[in-house]
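*Asks:* So Swiss-Prot lists these for the protein:
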BINDING   Gly76, Thr79  Na(+) binding site
TRANSMEM  5-25  transmembrane segment
TRANSMEM  38-58  transmembrane segment
TRANSMEM  69-89  transmembrane segment
TRANSMEM  99-119  transmembrane segment
Amino acid sequence: MIQTILAVSIAGIAGTLLRFAAGTWVSANWPRHFYAATLAVNIVGCLIIGVLYGLFLLRPEVPIEIRAGLIVGFVGGLTTFSSFSLDTLRLLESGQVPLALGYAGISVFGGLLATWVGLSLTRL
């Protein structure tokens, strides 16, 4: 368990630093398009998590430290949107279409609402 925690932590640092670097680079080069870095890391993170998940399905012998380190740590540090996308896809693939659509809708609109509420609380 300690090895898994270390793998997630170390890989998480790498993902977080990559996200920070992308944001810094975009801000320096395109300050009016601040959202481009978030969009890019979210899409790239989704691609990476899809590839990793597929590879790990094909190779179940890959140790949990590596799987958790890469998916939860690295991709999770890079973006949490990728985890949401994978969860939604897994629900769809298992035939739980209404649940997947509800989960996606609540995640997107609930997240926007929660962000707005949080911001509003700072303006009281």
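Along the chain as shown, residues are numbered 1 onward.
Note: Cβ is positioned from N, Cα and C throughout, glycine not excepted.
Note that the coordinates shown come from a computational prediction; the quantities given were computed from them, not determined experimentally.
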*Asks:* Check each residue in the chain of Gly76 (Na(+) binding site) that is at least six apart in sequence and keep those whose C-beta is under 8 Å from its C-beta; list them in sequence order.
*Replies:* Val8, Gly12, Gly15, Ser82, Ser83
*Asks:* Enter the number of other CB atoms within 10 angstroms of the CB of Thr79 (Na(+) binding site).
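*Replies:* So the Cβ neighbour count for Thr79 (Na(+) binding site) comes to 23.
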*Asks:* So which residues does the transmembrane segment (5-25) touch in its own chain, when a touch means Cβ under 8 Å and the partner is 6 or more beyond its ends?
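*Replies:* Answer is 34, 37-38, 40-41, 65-66, 68-70, 72-79.
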*Asks:* With H, G and I counted as helix, E and B as strand and the rest as coil, say where DSSP puts Thr79 (Na(+) binding site).
*Replies:* coil
